Amino acid sequence: AEHDATPVDGAWGGWSPFGSCSRTCGGGIKIAVRECNQPVPKNGGKYCVGRRMKFRSCNSEPCSKQKKDFREEQCAAFDGRHFNINGLPPNVRWVPKYSGIQMKDRCKLFCRVAGSTAYYQLRDRVIDGTPCGPDTNDICVQGLCRQAGCDHVLNSKARRDKCGVCGGDNSSCKTVAGTFNMVRYGYNEVVRIPSGATNIDVRQHSYSGKPEDDNYLAVSNSRGDFLLNGEFVVSMFKREIKVGNAIIEYSGSDHVIERINCTDRIEEEIIVQVLSVGNLYNPDVRYSYNIPIEDKPQQFVWDAYGPWQDCSRPCQGERKRKILCSRESDRVVVSDQRCHGVARPAMVTEPCNTECEIRWHVARKSECTVPCGVGYRTLEIYCAKLSRADGKTQKVDERYCSSQRKPDDKESCHGDCNPGGWEYSSWSECSKSCGGGSRRRAAVCGKSSEAGSDESKCSQRDKLTTVQNCNDFLCPAWKTGDWSECLVTCGKGYKHRQTWCQFAEDRLDDRFCDSMSKPESVQTCQQQDCASWQVGPWGQCTTSCGPGYQMRAVKCVVGSYGSVMDDTECNAATRPTDTQDCEMTQCPISHPVPPGTKVPSHLPHKTQWRFGSWTQCSATCGKGTRMRYVSCRDNQGGVAEDSACSHLAKPPAREVCSVVACGQWKVLEWTSCSVSCGQGKTTRQVVCVNFSDQIVDVVECDADDRPATEQECAMSQCPAARSSDSRPLPSPSGGPRNNLPTTADGRGGGRAQAHQWRTGPWGACSSTCAGGFQRRVVVCQDENGYAVNNCEEHSKPIEQRSCESGPCPQWVYGNWGECTKPCGGGIKTRLVACQRPNGERFNDLSCEILDKPPDREQCNTQSCPSNPHWSTDPWSSCSSACGKGSKNRKVSCVTRSGRPVPEDNCKHLTQPSKERSCRGRRCPKWKAESWGECSASCGNGIQEREVFCEVGNRRSPEETECPPSSRPASSQTCRVTDCPSPYRWSKGEWQSCSKSCGSGHRRRAVLCMDQTGEEVHEMFCVDQRRPDDSESCNTHVCEFIWITGDWTECSASCGQGYHRRLVSCSEVHAGSDNYEYGHQSLSNCPGTPPESYMPCSQSPCPLTHEWRVGVWGPCSVSCGGGVMERTVQCVSTEGQGSDSCPSDTKPEASKVCSSPACELHNSCHLPTSCSDVQSLSGVQPDGEQFLNVQGKALKVYCAGMQTDRPQEYLTLTTGEGENYSEVFGFRLIDPTQCPANGTRREDCECRRDYTAAGLSTFTRVRLDLSKMHIITIDWQFAFTRDGHRVPFATAGDCYSAARCPQGRFSINLSGTGFQLAEETKWISQGNYAVADIHKSQDGSRVTGMCGGYCGKCTPSSGSYLLITVA
């Protein structure tokens, strides 16, 4: 027969019972298994899917402290087994290996040879329940590391708090913190940390920000033995120090912040020290640790004034303060469970968000569905937040309006069947062609053909708008370029800029823009005042008779104050002359004397005055005096008596002088001309001011330099005068001052003197270019300089002559450049300059500005073909004024009409460049000379160098052209060698050694002294090596001997006892016959210590006998009267059975017993429901009753006893603090995260808007005793503290999609006599749902954390929980 080849899929068999626990303490594992054998898969059928093993924690109580580490026990089991490995001794000892093992291998048994670094894998896996490592609570199960809590329970999230308490709330300890910054050479005690301390954190911050700072942390125990960095030897690298079972971690000294920390609880006192050496900088040690609070009972109280919670509503809501449980001693916030049993205070509340209200808002209505008759229209309605302050509405979620009835979103409407509704005229023209205008139309009620219009017959609500915005696009606008430089370097000039009409990116003809608002393209500009020549009055003639010359001051001045400038600042071509010829009188003619004729010595007029040069003025400013040598000389040059020259006026030998005025002249503006035509005068005010611009007396200014206060002015020519009267013009010298009578030949009545023509300097040329003329003054004067009019006309010098300053500059221009556009109207430019034929350039005002040829004009104005093309704007100016820069221009793709289009339309054409390089003048840069010599031959000094700004190849006199921020330093500190120090270290005498043997220490004083021997601060000696102030001494080994005392008497008076004596180890001091009893460590003495106990035997003790009883057994019946028994036995003192006890003292071995429930009802029958209680006892108040539940008397609360259907409730003795259900209300803004490792944080980046949120607590739950159910949705004894009701044993949230549940529930049936049935399970529902459920082994307690995005967990049985009797 053929075999049946139908595939059979496998199915799981039942679970086996849990096996034995893998550990006796410290958290073991029990395993249950199932096999795929119901049926076994065959014929290619599928194997079972799911787990074959399940695990349960057991024996989770901690092991005793004396017990070895569990992994250490497993390694020690291989002690003495060397596995034939070369080099291992036969008595090899194995210890656990933790460090350097990969994470995936942590559950393999790696063991290290004690005293060696060699390690080997001795087993494939450790025993279940072994911790994965020394720094984690997780445990190994079947060779894999699984999560466990500090309570050694698998999948537990219990963690130690800062006090080291597993699952604690930080309330059993307090934090101690402090700092230490005192410096003294050697080891300095920072803090003593007591036994029991946890969370130790000690940090030493480097003073310099570098790891090496001469201060190092050290640790010793209370016996003085160093655990870390002792004996002046410091560990640079990371270390772990074991103190009992605690691990102290040390960062190593090679860190800026040197750190010691320990999270474990230390079992002995440690002393933290700081070792200060080297330069003895102050340490900066900061420490903190937690110590247990004294065992005195702590008081915990409710604090009603915690932080404000969120407002319950967006508008017109209420907010509450969170009630916190805090420790009364220091107000530290602790778990709410600490305040269990303390009356909870009333919630503190206040109104919030009162400035607005929430209501339904009609935003818009549609048109009526019919134009005539009854129809309907739809309304757009949303929930809105209405601000009372400004009346604004804001759309919000509709759930906020859920308490109000939402208006219908449809309403009836009636279309007017009368065809005469609103009629409208056509729209008018827009009021503006651009820039935003408006247009209008007329609205008439009724037919336009009908006469009259009654608007009351038409609905204003149906009237359409009669005004509308139009032409919102921007108008063409004037654009301007940058102003040019001022065309003059001094005085008043002009500057230019371009102006054009632009619309969007296009330049238009000027007629498209408003000509009235066109910006000016030429503007005056005022530069510094121009420099001009100023002349002083002529000085004296150099001779008193005959031809000589005279001089005057000619200065180049600028500004209203007449500040004197260098002559190069003024036009050299127009400089006035500073010397001219002069002749006071003709010298007498000497006739030749015939030989032999005697010349009388007394002939008159043969002598004249001679004088030397003036001395310097006696005053540096203002009026002073100067002197010169004056003497009378004969015509041979010999010195004569002054009386011989008395016929001539003696020149002054002393005169007033002024080098520079103490004040300076300030001129104000000229007034207008005194006449409207012809020649007139204009005047101005001249004042004397000091250098602070304050007016002072005129004597402070130089009268000779006083500027003119009036000058002639010429207006247009006057009409011809009718009168024939003529007036003589005043002479150039100011008028006829010569009143002497003249003879007919023009000679005066006095001595005959020749009159002659005198000329002034030539004036400036009347034209700066081409042919001009210049004038000078020509006057006829006598020998005294007075004007006369009888000089010879034919010898009169010319008063006017032509002058040539070169040809005038003219406008010249170059060729036109390329047009900016090939079509559609572009711009072309050319260079236009004002210059002479030789190429000398002038500013534009030197040429006729109105005749300037244009330098730009439109070109290629023909319309473009329809195809798009590239359009370019003019190049910008160079981006850099000096060095390399770039020029830019805009390149765009435009149509024939100049409208911009996307650049893809011009891709087939070569795109013009948008940028090109350009170069300005050479940039100024800083130059620095070599450093000079140091200013000090020892110690700190300064050396300098010259730093200057170089422009091109020349040195700039001012530094403003170079950037000040990059200027190199012109001085720096220097040090040639150290100066000899006036300070030195002084050493004191060594003190006695701290120990007589075994390496002690001794100290001495080390002080910093000045030259006088006075002590000064150590900082003065910091540059010298500091001598040691401590050293080791008496390093020879100590000698110890055993000392024994006398034996005590026997401890027993009969039978076996013992003697005892004192045994101690004492040190023998060298050179001394006696020794001292010292509390030395017993390990110091050699050999085995003498016995301290010795047995002793006395005479045998007489035997005694006594009755011993056991505990009472259970009552023989569960209800009513019964009997309970116990064992009674006579034993001797050795514990042997005996018959020698007196019978009259024998205790009873049995007694009568009865059940208290039976005594309560005086009946063996208990009621099974509250209805039975009602029928047996009549109407009773609600309260606790004993009911018979599955054969056990259990307390049940009967409610509704005054009704015909009383109900059973179970009172939860642990209270609502451990019986609650919560749906968490916060939602993460980024639901893909699980912040803070799933820890609940009030300050998370969340919004609190989950509409299903709520928190319910329960004091009693409803029972269905017939089905043994707890009904989870009964609310009679439930209290909803926040949001919606949440059924019993239910939790959820909408917090995160990353397995991060926050919703919580708790069930605690302890003390009720009930427990949850073993088959009770929970299921997860929703998106990304996850549940973390923990049940106690006895079924009385269940806690859970559930959630998702959004998700929850509920009992798998629905709205009830299965229970059993405990």
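Each Cβ is built from the backbone N, Cα and C atoms, and glycine gets one as well.
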*Choosing among CYS21, CYS25, CYS107, which residue does TrEMBL name as bonded to CYS63 by a disulfide?*
CYS25
*TrEMBL annotation: CYS21 disulfide-bonded to which of CYS48, CYS58, CYS75?*
CYS58
*In TrEMBL, CYS36 sits in a disulfide bond; tell me which of CYS48, CYS75 is on the other end.*
CYS48
*Spatial neighbours, same chain, of CYS58 (disulfide bond) - Cβ under 8 Å, 6+ residues apart*: CYS21, SER22, ARG23, GLY28, ILE29, LYS30
_Pairwise Cα distance for CYS25 (disulfide bond)/CYS48 (disulfide bond) [Å, integer]_ = 35
*Could you tell me the C-alpha distance between CYS63 (disulfide bond) and CYS36 (disulfide bond) in angstrom, no decimals?*
38
*Taking the Cβ of CYS48 (disulfide bond) as the reference point, list residues of the same chain whose Cβ is under 8 angstroms away and which are at least six residues distant in sequence.*
GLY10, ALA11, TRP12, CYS36, PRO41
*Most crowded position, judged by CB atoms within 10 A, among CYS21, CYS25 as disulfide-bonded residues*: CYS21
*Take the domain 'GON' (1166-1366) and average the pLDDT across it for me.*
90
*When a 10 Å sphere is centred on the Cβ of CYS36 (disulfide bond), how many other Cβ atoms does it contain?*
18
